[in-house]
Amino acid sequence: MNIILFGPPGAGKGTQAQSIVKKHNYFQLSTGNLLRDEVKSKTDLGVDIEKLISNGKFVSDEIVNTLLRQSLTNLKYRDRIIFDGYPRNVEQAINLEVLLNEFNQTIGHTIFLNVSRDIIEKRIMGRMTCEKCNMTLNEYFNKEQIELHPCGVEHLKKRKDDNLEIVISRYDTYMSSTKPVLEFYSKNSNFTEIDGAGEIDQITNKINEILKV
């Protein structure tokens, strides 16, 4: 069964998705990673995406849907996909249903990690990602791990779009645009809301219990 993980930027969707991948042999389809890969490719589309992200804006549905379709046609895992960061609005939710129907697939569980803006601010402003191994640490919560990071502290970098004004803008935009999507999926009995402010392991255990159902 496929899964959708909802939650504002910094809610820990990526961390939880990685846990599901390891434990349940899922494939993580992150629109954030798709967009960043396109930016790294230096294509014209990638340049446009970088401008939008740097200004705290979301890219258009047309761009996201194009990248998503390209990925779906290359997926090796049927009915074992975690959609991380998609859909963001009702139009995308409808588009996802259409795409999955083309591949004879459906959504088995929809999970919303609910986290307040105050906590999100600290999580994102302190977030650092290793440019070599992609490990993510937080300067507020992982000071010892940062000092002992095997790749070296010099490889831990902050993302360009991680500044307070943009964090607030992204959070408010996400919550306002995603509310209709949550209402769209909450009508389904497979929709679950989880307090995303807890410890990572506690949240992981809750998700594992959901996936057993």
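Cβ atoms here come from the backbone N, Cα and C positions, even for glycine.
Mapped onto three states, the DSSP output places A11 (ATP binding site) in coil. Per Swiss-Prot, the feature ATP binding site maps to G10, A11, G12, K13, G14, T15, R127, G198.
Shown for the region 'NMP' (30-59): DSSP residue counts in helix, strand and coil, namely 21 helix, 1 strand, 8 coil. Taken from Swiss-Prot, the feature region 'NMP' applies to 30-59.
Cβ environment of V59 (AMP binding site): L35, D48, I49, L52, I53 lie under 8 Å away, each six or more residues apart in the same chain. The AMP binding site annotation in Swiss-Prot covers T31, R36, K57, F58, V59, G85, Y86, P87, R88, Q92, R159, R170 and rests on sequence analysis.
Within the same chain, residues 10, 14-15, 53-54, 56, 170 sit at least 6 positions outside the region 'LID' (126-162) and bring their C-beta atoms closer than 8 Å to a C-beta of that stretch. Annotation comment: Swiss-Prot describes 126-162 as region 'LID', evidence class sequence analysis.
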Using Cα positions only, nearest of the binding-site residues to T31 (AMP binding site) (G12, K13, T15, R127, G198): K13
Helix, strand and coil residues within the region 'LID' (126-162) as assigned by DSSP: 8 helix, 9 strand, 20 coil
Residue among the binding-site residues K13, K57, R88, R127, R159 whose Cβ has the most other Cβ atoms within 10 Å: K13
The one of T15, T31 whose CB sees the fewest other CB atoms within 10 Å, among these binding-site residues: T15
Closest of G12, T15, G198 to R88 (AMP binding site), Cα positions, binding-site residues only: G12
Among G10, G12, G14, G198, the most crowded of the binding-site residues [Cβ within 10 Å]: G10
